């Protein structure tokens with residue numbers, strides 16, 4: 001039970017590295033972007049883990065309740081905006097992949113490199 | 001009790017992440033990504049971050065999946081099988097994971113009230129929000145007022161990314177000019193009565209819920225980012241059901257562009273107006289004779305700006321991918 | 001007295017609902033082809049949703065949460081069957097055959113039918129299932 005307090009961080013570490021593995025090993029560009037999205041989500045998870053306070057509720061102040069403690073709002077604000085920015089940048093990456101597909105006829109990294117070498 | 005549930009969800013998260021990386025069909029991987037996002041949203045909710053959970057559910061599971069599918073239909077569905085020597089990568093990744101896990105033992109435990117994060121500026125936000133802004137949702141207060149610069153920056157990142165996508169995808173495809181795809185009429189689920197009827201039934205409620213999230217953001221979980229995403233999801237659903245052409249007739253390109261630029265402009269103008277009225281940039285207290293009311297008014301205005309920009313940007317990105325198929 | 005009856009009844013509903021979720025999950029994993037799997041998964045969509053949300057309704061009493069739960073119930077009862085229809089229709093159009101020949105295989109269910117598409121559609125199915133159960137879970141944790 002004592003060690004469960006770290007479980008969120010362990011999941012963060014594993015998911016982060018799973019995403020990183022997809023980015024460095026997989027040849028497919030869309031797979032790389034999926035890996036990047038996983039990587040990003042892992043970072044979100046770490047930030048949100050840090051905002052939790054034992055016995056607290058979401059930081060929405062209830063009127064007339066004085067002894068309630070609230071979780072930390074700051075990491076939530078940072079991550080809330082980061083999620084929206086994340087989807088925009090993922091879309092930008094996908095747009096690039098679409099153009100690469102049109103120019104090279106493939107979204108596999110080794111095909112693209114081979115084609116570049118030939119020309 | 002809740003910790004068992006949290007551990008269960010987190011374990012599922014790891015399993016899903018590994019399944020995404022292992023899946024060879026990209027369609028499967030994208031669908032698993034949607035599951036991953038929903039699990040993430042549930043985790044966020046357990047960790048007291050209702051606002052973030054709402055955002056992740058609307059954007060991660062909804063919009064991201066649609067954009068990925070749009071890109072997949074333009075590229076390839078299957079990954080090429082390549083035999084790679086994965087030993088080096090695997091050992092690096094394993095070593096880093098172990099290092100990170102070792103490092104976590106130095107971190108404060110989950111929910112520790114003595115953790116450094118909770119000592120610095122967060123208590124100030126929690127104690128001053130009722131006095132200075134007087135709205136219940138501290139997340140919205142921090143987002144809209146205390147850290148409004150930050151949010152302005154994020155809005156402009158969304159704006160820039162949208163412009164980038166449009167630049168990349170609106171250029172003509174040099175390779176082939178003849179239409180190789182099905183004509184636009186057959187796109188969408190128009191010939192399927194049941195999804196169409198149910199979709200039409202749900203569409204107004206989705207938009208209504210989006211507006212509720214937008215304007216209830218001061219009192220409960222919600223705000224411009226979530227509302228923009230929810231409304232965009234509703235209109236994307238409409239586009240999927242009725243075909244892209246009908247959706248573009250309802251929300252034309254010019255309106256989308258006006259939304260993307262107008263929302264960001266509204267946000268900036270609020271800041272400029274506060275400067276002219278004698279305050280600092282984005283210091284809303286001067287907007288009204290009562291500083292607290294001025295703050296509330298400023299937050300409503302900039303949240304509207306955020307919502308408009310996010311909604312317009314997501315729609316423009318979706319249509320950029322959808323229109324590419326017809327070249 | 002009435003409160004206790006309602007309490008016991010709500011937990012019975014929740015437990016039976018949970019059991020049906022489990023049945024749907026096992027069915028989606030073990031049944032031989034796509035259509036039978038979907039059939040099993042639809043158990044989660046309908047009766048399990050109904051029972052779990054009904055149980056929560058009884059626990060919530062007459063508050064604003066009740067109204068929200070009813071809204072969720074209506075929403076799920078509308079979208080679940082529609083999604084199932086769209087899924088089955090897409091499978092039929094893309095040529096997934098329903099050669100439902102039950103073979104007795106020890107351990108795994110026989111992997112007959114169209115290999116790739118089957119696995120694809122199974123995933124889509126699973127995503128809906130997760131989304132439905134996710135919402136239930138979120139309500140539960142409230």
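Cβ coordinates come from backbone N, Cα and C, glycine included.
All annotation found in TrEMBL is predicted automatically rather than curated by experts.
Per TrEMBL, domain 'MrpA C-terminal/MbhD' is recorded for B:12-75.
In terms of DSSP helix, strand and coil, the domain 'MrpA C-terminal/MbhE' (B:116-177) has 46 helix, 1 strand, 15 coil. The domain 'MrpA C-terminal/MbhE' annotation in TrEMBL covers B:116-177.
TrEMBL lists B:194-315 with the feature domain 'Na+/H+ antiporter MnhB subunit-related protein'. Computed over the domain 'Na+/H+ antiporter MnhB subunit-related protein' (B:194-315), the whole-number mean pLDDT of the model equals 90.
Beyond the transmembrane segment (B:27-46), the same-chain residues lying 6 or more positions past its ends with a Cβ under 8 Å from any Cβ of the stretch are 2, 5-6, 9-10, 12-13, 16-17, 19-20, 52-54, 56-57, 60-61, 64-65, 68-69, 72, 77. As annotated by TrEMBL, transmembrane segment applies to B:27-46 (among others).
Using a Cβ-Cβ cut-off under 8 Å and counting only residues 6 or more beyond its ends in the same chain, the transmembrane segment (B:58-76) has close neighbours at 26-27, 30-31, 33-34, 36-38, 40-41, 226, 229-230, 232-233, 236, 240, 314, 317-318, 321-322, 324-325. Annotated transmembrane segment per TrEMBL: B:58-76 (among others), in sequence order.
Within its own chain, the transmembrane segment (B:88-105) has no Cβ neighbours under 8 Å among residues six or more beyond its boundaries. If you look up TrEMBL, you'll see B:88-105 (among others) marked as transmembrane segment.
Annotation comment: TrEMBL describes B:155-172 (among others) as transmembrane segment.
Annotation comment: TrEMBL describes B:193-213 (among others) as transmembrane segment.
According to TrEMBL, the feature transmembrane segment maps to B:225-243 (among others). Long-range neighbours of the transmembrane segment (B:225-243) within the same chain, counting only residues 6 or more positions beyond its ends whose Cβ lies under 8 Å from a Cβ of the stretch, are 51, 54-55, 58-59, 62-63, 66, 184-185, 187-190, 195-196, 199-200, 202-203, 206-207, 209-211, 213-214, 217, 250-251, 306-315, 318-319, 322.
Marked as transmembrane segment by TrEMBL: B:255-277 (among others).
Taken from TrEMBL, the feature transmembrane segment covers B:297-322 (among others). Distant neighbours of the transmembrane segment (B:297-322): 63, 66-67, 70-71, 74, 133, 135, 140-141, 144-145, 148, 151, 155, 158-159, 161-162, 165-166, 169-170, 187, 214-215, 217-218, 223-225, 227-229, 231-232, 235-236, 239, 244, 247-248, 251, 253, 255-260, 262-267, 270, 274, 282, 284, 287-288; these residues of the same chain sit at least 6 beyond its ends, with a Cβ under 8 Å from one of its Cβ atoms.
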